[in-house]
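**Student:** Shown below is the structure under consideration.
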Amino acid sequence: PAAQQQQEEEEEAALSEAELERRVELVLGETGTLWMLELPPALLSTEAEEAPRVVFPLFPRERNRIYAEICEAKIGSEYFEEKIAQTISGAAKTKEMQCDTITVAEKGTVVTPWDLDTSLDASGAEPAETEEPKSPAGDSSQSPTAEEQGQAGAVPAATAFPITFAESAAPARSPEEQECHSGAILTSAKLQQDLVIMERILMENIFQPKLAVYRQIPVLIEPVVISDTEVEEDEEDEDEDEKDEEQQEEAAEADESPAEGAGPRLELLWSYRCDLTWGHSVSSMAWNKVNPDLLAVGYGEFVSRDQKKGLACCWSLKNPMWPERIFCCEAGVTAVDFSLASPNLLAVGTASGRVAVYDVRSREDAALLDSSASLNKHKGPVWQLRWVEQDRGATAGDKEERLMCISGDGRMTLWFIQQRLDCSDVMIIKRTESGKKNLSGERERKSEGPISQQAAGMCFDFHPEDTGVFLVGTEEGHIYCCSCSGEEQILGTYRGHEGPVYKVAWNPSSTDMFLSCSADWSILLWHRDSHTPLLTFTSETAFVHDIKWAPKSPLIFAAVNEKKVEIWDLSVSIFDPMFSYAASPEGNLSCLLFARNAECLLLGDSCGQVGVWQLHSLAVPSTDQVGLGSFP
């Protein structure tokens, strides 16, 4: 059956040629509509078959019937009008236009408040002059009021406008109001800032040659422009002026430096002084560790019974005529020093035992921290204080900055900078028996016990390499070598002075050598391992107040006594100073300080001025002379 079915299918598939050529007609018809979305219209034509059902609905509340009744009731009413409107949403259009490039120009002018006041006063005075002729008696009080103007008619715009503008723009000011306005301008912060800038410019113009010498840069010479007609007239005057100037310069140089051409000499560049500091003795000076142009100076009066209030001033090279910061203290300032970790902090010690820390960034006079509330505060003058970097612990290189002070009450203290200022004793200086003295070169024995009375501490200096070792000078004339750690706090005692030791200073290069100066008119050179002085320097019968090693030479140091400043060079002579000079004819010298970035020496005196002196022809020894063997 399967084979038969396949044969029948093949016969049906095979068509004759006649059947293939026969024409076949195909008729295409429309299929039924398939509705995918139907939205019935809200409107209906009146000719449609369903119209009768809409016009005459079966339900009595049909909306169309109600609407038709409402429209019939409104016919003839003046409050109803039937209109049809259609809103067309227009297509967005882009329009462009071309024009010439707009040129912009910046213009400015400077107008002061006085110019504004003058212009406003002038604009307010013009209408008053135009109104005066309208008054029959010449009195402004008889001018018509607003009601009279309204009765008479409207005021012309050209007349009314200037009056209104003058009244609103320039109100009349009394002399008191003008004075208050001027006072507000003078006390404004903007004017003060502008005055500081102007002050800087003036100081630069005045001190430019001196500052250039200090900074070791060329001096700028401003060219003088003279017209042709004035050249002939000024030639004779210039020749005479040049001769006078040469004579004055020769006389001044002969007075200032009598040893000129023969060796080192000093030249005064300028002095830090003002009316506020005049009469206060300069007690101490310290450079800022970060800004080498900022100098802190302490002022106090310690001789007369009526002691003046102390001052701590911060001077800048930008203005040698007035300090940048002024801090007033109730007692004389005895010591100042800047912090290295926080260069804005200035520590100040006074003659009353007060220790204060000021923030030089603030313009306020109040101290940031004060020891007045401390239970361990000093009861004697704080003769010296210093920020010292010491090891924090066992970790190498981990250092912490600490504030050290020494006072006349016999205590050396360590101050903690926290929410308040407090301290702990590093050592208490005991007064030793003076009846028995050690032989030359003999080390002090421990059996030499101190008595209960404390000795006043005058000065100290930490070792430049080992900050755990320091020297302490006392009022007795003794010098102690001490240690911050260990059971034996006093490592050795050096006796050689017969008066109070004012200063001790380690040599920055030969770290086993140190200097000391005293009220016994002498300067002593010591070695750490020897308890007798190696050399004694004496040239004047006067107190030696301060000594400093030269920063670039281990064999040169400077010292000031009440009369002169002396420069000693141990490679030249150990008997006489290299040169000495009376740098303060008006008063007595009190302290000295070498400049950090210049060949200059700063000298403070009892008159309240700090002179900046240029060191000329100061020889610097070679490096092979550094060491113990270089000292005679």
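Including glycine, each Cβ sits where the backbone N, Cα and C put it.
TrEMBL: automatically predicted annotations, no manual curation.
Feature table excerpt (TrEMBL):
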REGION    116-154  region 'Disordered'
COMPBIAS  138-148  compositional bias 'Polar residues'
REGION    227-261  region 'Disordered'
COMPBIAS  229-258  compositional bias 'Acidic residues'
REPEAT    494-536  repeat 'WD'
REPEAT    537-571  repeat 'WD'
**Student:** Do you know the mean pLDDT across the repeat 'WD' (494-536)?
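**Tutor:** Across the repeat 'WD' (494-536), the average pLDDT comes out at 92.
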**Student:** Could you give me the DSSP helix, strand and coil counts for the repeat 'WD' (494-536)?
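**Tutor:** Computed counts for the repeat 'WD' (494-536) are 0 helix, 21 strand, 22 coil.
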**Student:** What does DSSP give as the helix, strand and coil breakdown of the repeat 'WD' (537-571)?
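**Tutor:** Summed over the repeat 'WD' (537-571), the classes give 0 helix, 18 strand, 17 coil.
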